[in-house]
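Below is one structure; the comments refer to it alone.
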């Protein structure tokens, strides 16, 4: 039975439908007509297979995955122009801390006191590099001497954080930023101070925050054609029911990633995730489905990056058609500004914008009442995005954003529910995949 | 090596520690001395086993689990005095909707138009019943006629929601409140309206919202000695790594619950959850550990209730020592006011307050700098809690809350990190369990 018939059938049970008959209208029947455009799944799978192998080929040609600062400008010494942190094992981080502290001790013994050279993480130091397609931090260090009224406190905090990180690494455990703060509330005063110094320490040691074993809390979940080990436990994500597997907070405990998926579907909201999980969309089109439930957290970004690097699969994104949806894509792709020094380890380049795109609203005839007017703030954010380099370099994105700003309309993924609760999984996404409709 | 030695060792690496030597002080060494009070795990397990069997015995004697409105006042007809909704299967909900709609149709055909009898969910109708230990809704229905300017719209919305729920049940799927809203934005206007009518429909049909297959988004995670099936997939929660298993949004897809745990540990925050999961606390003391990461969502509350009912295990709660922590406990135990009609299905009575309790701050000598002053708002909330019946009936709780209000101090679970990152799992919780220190 078609969805339309089902809904029509259901409506006849309710007297209220008489007052609303004119509504399930032109848009709804057009939406249904799209169903007939769908080719058999086998034919769509051929498309997806070629997409997956193309992605794998281009990845191995270093493009997305291996693009590094060294490729950026071979003439310059990258280490001296930009701060680049990398994942380091505990032994290496520990020895870096030891070296830093020994230098300080020697300096003290020679009667010169001590001082840390701390990279500046100010906004003016954060630049977008178009050929790397991410935000990086320009190297510009400032001294943080202990023997100076202005910096004595901060130098103390820095030393304390170094010592705490050292203790965590020695125990082989992971802690949260909040735990770190609570080990010395009197010194840190408030958490924003220990957090900021933790970022400083990352830059000073040249290693990622996850290498320091200080982890963010997790929000993300994953289901689909993926098997991995979380702290040694083998997780089969096709057998995680509707709830899915919570993405682990500590990426360094993730190993043994295997998959027969053809693509990764990155979803903004958990409502859409739930629909996809319940309909076991990944069994129809082999894929890995993940969501951070809104603003991406560090754990989910690290996890996505690992998947992309190891599996070399294309990443397709399903986000709301509003500036915020695009902003979320930008965080996955280019990083957030306040962690620009870690952008290489947190970002997943080359994510395709599958939907819901501003042009989809008319293309799929999303009813007028399911679109929302953009607020002044939305329009402001949209205009700012148009100025962002990462948007500018993709003409398709510029056009979509211009469409959004011209029509002043936005819509959530859920707006597709107006054609039936399963329209997303039964018509919209399959048709998108069939038509390779991503940019 | 003891935690104290480790930390002292770590400090000697850092020059800054010289400026802070006086601090890891009396409190820290007292905290360490508690470690020596710990008896062998085998002896603590004996305590826990007797707790578990006591809980199971008292449950089977109907106390916690089977306490129903019928027990409350056998002389009155409970159905007529309070709204009590229950889990219903899809067939039963569908036939209830059919009956309601047929009645409306007959009424229309007889020329009398139609009207719904909708239970009032106003605050004045929500009462706490001490012997049931939860908030319930007094039955008081009001008519919602279609042929009345004041109620025509709401009657239409009600009919529409009934028809949508009918469609969802027929398809055998689950949807979110947001999906429901988007099927008819023009009619509903904004989501608060469709949400409110959905609650009305629950009351009218006498069934829980999860029976309507309208689910909340999930936030909760679980690890530990628990095996269950999520939508047919067998989940072993001892093999869910550090990330844990996301609690499924649709409780009716959960089945086959098995466990050899001795208790359920309910944790307020995900930082503490992560510590417990990484240290595999459940392997040392067999338990099930779950958290809703803050304010409990419906999915986590339903899940906890199911565990408690089926496994008959004691539930011990680890929350922050502040009014908000106690408020969270109250939501798990007595329900939230705006879902009072569903309190029987959402609440888990008889949760023990393990910690962190206001008296623990002195008992465990939590350093002054890790305690926070209560804000005026905290004090206001705390005083309101003292007036709540569910607090009043537990003298231990009243005393603790009075202590909190007298000292005007609060503390997070993380404050225990000041004695070492693993103090929570290695000393605090084992000692609490050994001393049966819950109220």
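Yeah, the Cβs are placed from backbone N, Cα and C, and that goes for glycine too.
TrEMBL tags one of the stretches B:1-34, B:35-68 as region 'Disordered', and that stretch is B:1-34. Using a Cβ-Cβ cut-off under 8 Å and counting only residues 6 or more beyond its ends in the same chain, the domain 'Type II DNA topoisomerase VI subunit A all-beta' (B:218-254) has close neighbours at 87, 174, 176, 210-211, 260-261, 265, 270, 273-274, 276-278, 282-283, 286-294, 296-297, 299-300, 302-303, 306-307. With a threshold of 8 Å between Cβ atoms, the recorded positions B:182, B:268, B:320 that neighbour chain A are B:182. Summary for the binding-site residues B:268, B:320: the Cβ-based neighbour count within 10 Å is maximal at B:268. For residue B:182 (active site, nucleophile), the number of other Cβ atoms no farther than 10 Å from its own Cβ, over all displayed protein chains, is 28. Rounded to the nearest whole angstrom, the C-alpha distance between residue B:182 (active site, nucleophile) and residue B:268 (Mg(2+) binding site) is 33.
Residue B:320 (Mg(2+) binding site) falls outside any helix or strand according to DSSP and counts as coil. The average pLDDT computed over the domain 'Type II DNA topoisomerase VI subunit A all-beta' (B:218-254) stands at 92.
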